[in-house]
């Protein structure tokens with residue numbers, strides 16, 4: 001009888017995060033390496049000659065660039081937790097943003113309906129709120145919670161590259177009467193990449209500044225607003241305030257997901273759905289059943305759909321008012337009790 005060959009074991013898939021993580025770490029090492037060469041040779045000569053302004057300014061810019069790079073590497077871009085198993089893609093979820101309705105898209109991998117401007121990153125395999133793009137230089141997404149860190153990194157890199165280039169040129173000009181040395185060679189080696197980074201970083205900073213002024217995102221492009229109307233645009237000054245200065249709000253904690261599981265799949269039909277920005281205008285989608293997600297006064301996808309604001313916008317709010325003022329953590333711990341779950345189920349089914 002012919003012998004049957006044993007099936008080969010399936011090949012192990014390579015870890016996809018190794019190479020991007022090594023590339024991000026290599027960029028940090030590269031910054032430290034060129035910065036060390038700059039401060040050890042041309043900047044040292046200027047400091048010994050009494051020109052202390054150059055090492056002080058470039059030193060502060062290097063610290064700012066290094067801190068912003070490390071912070072952006074390990075920052076939270078606004079990751080949304082995965083939904084519960086009770087949810088499904090069959091229900092219709094609609095929110096209003098400046099007189100325009102947005103139907104929330106279902107994410108098959110994360111298991112919930114994504115708020116507006118929330119996208120699933122294929123590299124990180126997570127849904128990110130206010131997703132702008134995935135930056136491979138730091139191996140992290142750029143979203144609502146770390147967009148200002150990204151802008152700070154680009155700005156600090158532009159300033160540090162310009163300061164390094166100016167310092168190297170000043171050193172080369174003041175040492176023209178001296179013979180060629182290792183200090184001059186290092187100054188040329190450092191000035192070349194600084195010049196190569198300064199031009200694209202300046203263009204990137206300009207593009208990002210224009211995008212913030214128009215309340216646009218790099219991932220969306222222009223295809224979503226063909227009619228020339230961006231519902232997220234609140235004016236140039238207001239857009240910059242919301243992006244750079246506005247509070248980020250609390251993070252999405254596991255208690256919010258647990259609260260979602262307690263409520264389960266009992267969806268509440270809203271018979272009179274109105275636009276948050278136009279309360280007198282009835283919604284054409286009022287007859288459709290909506291979930292417990294009700295947007296607040298802020299823009300959906302701008303960080304205000306946090307766990308605590310979801311809690312205040314849900315039908316659980318009357319139960320909070322009956323029990324008096326409590327903190328969110330005390331209330332979430334109280335949800336584990338059986339009498340409160342029965343009370344919550346009766347209020348939802350009535």
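Note that the numbers count up from 1, one per residue, in the order the chain is shown.
Cβ from N, Cα, C; glycine included.
TrEMBL labels come from automatic prediction, so no person has curated them.
As recorded in TrEMBL:
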- 103-216: domain 'Palmitoyltransferase DHHC' (DOMAIN)
- 21-40: transmembrane segment (TRANSMEM)
- 52-72: transmembrane segment (TRANSMEM)
- 149-173: transmembrane segment (TRANSMEM)
- 185-207: transmembrane segment (TRANSMEM)
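Spatially, the transmembrane segment (185-207) is not adjacent to the transmembrane segment (52-72); fewer than three Cβ-Cβ distances between them are under 8 Å for residues at least 6 apart in sequence. Taken together, the residues of the domain 'Palmitoyltransferase DHHC' (103-216) have an average pLDDT of 93. Helix first, then strand, then coil: DSSP counts for the domain 'Palmitoyltransferase DHHC' (103-216) stand at 60 helix, 19 strand, 35 coil.
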